[in-house]
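Participant: The active site, glycyl thioester intermediate annotation in TrEMBL covers CYS101. The feature compositional bias 'Basic and acidic residues' is assigned by TrEMBL to 181-194. Taken from TrEMBL, the feature domain 'UBC core' applies to 17-163. According to TrEMBL, the feature region 'Disordered' maps to 170-195.
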Amino acid sequence: MATAGTMSNNVENLSPQIIRRVVKEMEDLVSNPPEGIKVQINDEDVTDIQAYIDGPAGTPYMGGVFKVKLTLGKGFPQEPPKAFFLTKIFHPNVAANGEICVNTLKKDWKSDLGIKHILLTIKCLLIVPNAESALNEEAGKLLLEQYEDYSQRAKMMTEIHAQPQKISKGCSGEGPLAKKHASDKNKQLTAEKKKILKDKKRTLKRL
């Protein structure tokens, strides 16, 4: 049995039944995704779970696509996984390193809660932040005292870091786009909305 990969790869720490359960859940999520959530399967390490969550309508995160990572420890499913935003986000329940604080992954955890439930909980957190268990104190304070300022900051971070075309360019690595961007700047501005939609569809297809 190989031990070299144990540090980065958690598969060896989990029983075959648990791994089968995780694989089945992930396959279900791919074939029947919840609205606004797309998962990405890592064939090398099924315990490395990554997903893209669309910023919900009516929130400052609308229009953004946020990459999330779940890490299953060796105590899973008795112990909750850790969850992180890989996309930078201004949110009371997300620490500077991206770690997500939500009761479902702490005191309310139950071993039969699946990956879908966790991802839906994270999406709900974008809709209803919880200022009381704030990891980002500044965001928590603004949420309670100056909602407009909180909303502006969250929107700005979404526009800078969570744009769908950024994510899809990163995936596809299309170099010539950068050169085209310089010469077709004006054309691109008018076609911006179409482009975002197209890039988004392409990213989702690729996932």
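Every residue gets a Cβ built from N, Cα and C, even glycine.
TrEMBL entries are annotated by machine, without manual review.
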Participant: Determine the mean pLDDT over the domain 'UBC core' (17-163), rounding to the nearest whole number.
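Facilitator: Taking every residue in the domain 'UBC core' (17-163) and averaging pLDDT yields 94.
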Participant: What are the sequence-distant neighbours of CYS101 (active site, glycyl thioester intermediate), meaning same chain, six or more residues apart, C-beta distance under 8 angstroms?
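Facilitator: Listed in sequence order: ASN93, VAL94, ALA95, SER133, ALA134, LEU135.
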